[in-house]
Amino acid sequence: MTTIASRPSRARRRAGAVRTGFAGLAGFAGLAGLAGLAGLAGLAGLTLAQPARADILIGATLAETGPAAFLGEPEARTLDMLVAETNAAGGIRGEKVKLIRYDDSGNPDKARTFATRLIDDDQVVAVIGGSTTGSTMAVVPLFEQAGIPFVSLAGAVVIIDPVKTWVFKTPHTDRMACEKIFTDMRARGFTKVGVIAGTDGFGKSMQEQCLAVAGAHGIEIVGNETYGPQDSDMTPQLTNLKNAPGLQAVLNAGMGQGPAIVTRNFRQVGLEVPLYQSHGVASKSFIELAGPAAEGVRLPAAALLVAEKLPDDDPQKPVVLGYKTAYETATGQPVSTFGGHAFDAYKLLIAAIERAGSTDPARIRDALEQTRDFMGTAGRVTFTPADHMGLDETAFRLLEIKDGDWTLVQ
Amino acid sequence: MRVPSWLADPRARVLVLLAVLIALAPLLFPSGYYYRVGTLVFLNALTVTGLVILTGYAGQVSLGHAGFFGIGAYACAVGTSHFGLAPGLCVALGAGLAGGLALAVGRPILRLKSHYLAVATLGLGILIAMVLTNEGQWTGGPDGMSAPTLPLRAWLRAWGVPLSPAQAWYALSGLVLLAGAWMALSLRESASGRALRALHDSEVAARVIGIDVARAKGRAFAISAVYASVAGSLMALFNGFVNPAMAGFMHSIELVTMVVLGGAGSVLGGVVGATVLTVLPQTLTVFQEYEMTMLGLIMMVMMIFLRQGVVPGLVGAWTAWRGRRARP
Amino acid sequence: MAEFLQFLFSGLTVGAVYALVALGFTLIHNASGVVNFAQGEFVMLGGMITVFAAQAGLPLAVAAGVAIGVTALVGVALYRLAIAPAGSASVVSIIIITMGASLFLRGTAQSVFDKQIHRFPAFSGETPITIGGATLMPQSLWVLGGAAVVFVALHRFLAHTLPGKAVLATASNKLAAQLVGINTHAVLLLAFGLSAAIGAVAGVLITPLTMTTADMGVSVALKGFAAAMLGGMGIPVGAIVGGLGLGLIEAFTAGYLSSAYKEATAFLVILVVLVLMPRGLFGPKDVERV
């Protein structure tokens, strides 16, 4: 408990930083001073003039706006909800949690600046964030250098492979998604597969992973197409896949509106083979956007989407049902697995801080790495020094869309 | 009080003012984060200084300059990782590539006027960004790739300079900006600079007095591309990471906005524009989800009330105020 | 053959979207010489307001009407509150103002509505029409038809009505227009309102195909701007040909060459066309007044 007792000095340091912080921004304004930007500096002073309290400061940099806003928004709302919940329940060992959250709009350069700000200026003890792989990879070196634990909410396998000391992540990797899909394809007797993917980071990365592991699963790729994340018609690409020799199934890697348009165009051009989507579409809005065309689409996703349909003896059921109910009550919006990743990250972090009995970043990191059998929305997590994601393929459920709703494929 | 003779030159005054501000600002910085924002300001200002030559002096618009910024950045990332280039050389390589490309495409493109030039440069920028996104085996694709960082910590220790890497970057980028500003200011008063300003006023008139308009414009385009590329290379080395958004359309738009916001004609205006648009989003985080709305609002209000840009607008207001006071 | 037809239909569908957006740029440019970078936000508002008005219980047609009306008012407000006060500012300054307006409208839409992706049902069902082995969604015909109607109306308005001629007069010489008794202020108000309405119509028509989010404006405006420039800025027929041409290039590149470089091909063609024809396909000959 010595570290907790030592925190007031940290707070004093912060109070000092706030005063000079004002002056620092005034320095910038001096540079622009000829431009009469004193008002701006005053504004900047406002941002920094938060009362210095002995709170536990947790940082977040998320893509709340921009093309990845459909990821960042549920993540931000989830974190806000959970912090309020923790503080209403008396905080962690009597300390309130304070979340400092920035919107990096999915831009890696902005994410990098905000990460620096969280580390140097806000002096947080841990950071959740990086909605996209690009923004995550841009900030990873900073956390490695500063020695602050960082829990990423992005998908790609490169984040934790090779393992980085201070970096953890909660979502499944795209490679696992490919494997889950290919396993199901083989079980259904499909070996000739067409791949179509968005040219955004998520689609491109998953496409590479799928092409890399296809051979090992006995899958032959007979067609390979891409589309821009903002494209409005994919029938040319799907026509080419339709004409691919011996096509038995199609896999689409993408997120945003692209997969919904692919699904509609898929039916439009009269493709009859089964369509697999990725975990990037794992929110109810995909079914709404794709409409009846989504019937029969299969995808790997977390159990969160089928919370009510899980058997009662499923150990994950109470967790996912609890989060789903809380989120939908708090926000009035349907739950998505993206918010679930933030839920897992926050709960993992809070548990680690409690176990560490300290707000020393190094001790939080060590406690985090010792996480055993944590049950989250993505599955059962066990971190080891060699595995900073801690999920296995069984954590993924294979879902099929039937009658406008998710169903578990047995 | 007598002003020293070397300060009578307005160029020197601008440079001295910039140098003093760059040197004094850190006295007020409480943490490394401020040095990072400072470095970002200087690198953006460097790109914008190049654009001031193109837009302010020569009157040509470019909505694709982030493309050249991207070339510089990726020259350092790809050059060092795939070809084992030294970081110092990659800055030169990027500058050469960007300048060469600008010279090659500049001639045909710069015949276009106003919006047509805008869309052509926009297309050029998008093509560059697209190659960076699509050629994943070289560039790491849409998620970007890591770039080498300078071993600043070791150098600083070896030389016994008591600076942190963040402070060293601040100093380095500040010096590069000063050099860039000095060159831009000198160019303005040179024969080439006068030719550019002449064709800005009237291309036909410039042609009549014997200026090779196409050549002059092409040169300005290439010079501004080199500025952007050098800034991009430095950004890559500073961040240790590059991504296609650096070359993207939104970044191009941001750069043009900096130029116009500060006051397109002046180097100092470019620096002010870069400062405002770099610092503003950092201060607007206080508005949380209304951040974008506020940024849009501030941009509109500034342009409505300071039509010529911040610097010329305020100088004008100051002169008018002095004029009123001087009157009995 | 079926493939060729499918690529053609795809190109026409996407091209009609670009053309509709490009038409929206035409009017404001004709009246003020300004390229309005908030045009994409008008398209977004058309789609988003329809979605939320329909969710509030209005029938789709009424919701669309509301969306078009409200967006037209936003256009008028943009002129009244941001463009007119800037007065004699240079064209570049006014372009920066429209960029600010674009950020402002996008941010406001994110706060007022949300950041999620939305869609409403197609007007004439979702059953594809099959022609020669290729398929076309009925909504594509709506978009094509919409582009045609807006084009004809705009053309007639500019060429054959008094307010339309007043728009052209204001663009070519504001002072002279005022001297012959044209209320240029009213003309510009009209141009901004109508341009916004055209944008909203585009948003309403394309949302069942492209879906809509508060964030969609940038990419829509980018392609619409490129299409308008390809055809020749300010010329309605140029907007139509530029839009359809761009869509067709993208579809055939994706179909026959590589889907990864379809946009690259489109911008390459724009560059080549502009180098050969510096004022676009239908632009007037290059004449400079000295």
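Note: Cβ is positioned from N, Cα and C throughout, glycine not excepted.
Residues or ranges marked as transmembrane segment in TrEMBL: C:6-27, C:34-54, C:60-79, C:86-105, C:141-159, C:180-206, C:226-252, C:264-282.
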Is the transmembrane segment (C:141-159) close to the transmembrane segment (C:226-252), in the sense of at least 3 CB pairs under 8 angstroms with a sequence gap of 6 or more?
yes
May I ask which of the stretches C:34-54, C:60-79, C:86-105, C:180-206 has the most CB pairs under 8 A with the transmembrane segment (C:141-159)?
C:180-206
How about the transmembrane segment (C:6-27) and the transmembrane segment (C:60-79): at least 3 CB pairs under 8 Å, pairs 6 or more apart in sequence, or not?
no
Listed stretch, out of C:34-54, C:60-79, C:180-206, that has the most CB pairs under 8 angstroms to the transmembrane segment (C:86-105):
C:34-54
Residues outside the transmembrane segment (C:180-206) whose C-beta sits under 8 Å from one of its C-beta atoms, at least 6 past its ends, are 17, 20-21, 23-28, 30-32, 36, 39-50, 64, 67-76, 78-80, 83-84, 139, 142-143, 146, 150, 154, 163, 166-167, 169-170, 174, 212
Residue numbers, six or more beyond the limits of the transmembrane segment (C:34-54), whose CB comes under 8 Å of its CB atoms:
21, 24-25, 28, 60, 62-64, 66-68, 70-71, 74-75, 78, 83, 91, 94-95, 98-99, 101-102, 105-106, 109, 113, 118-120, 192, 195-196, 198-204, 206-207, 212-222, 224-225, 233
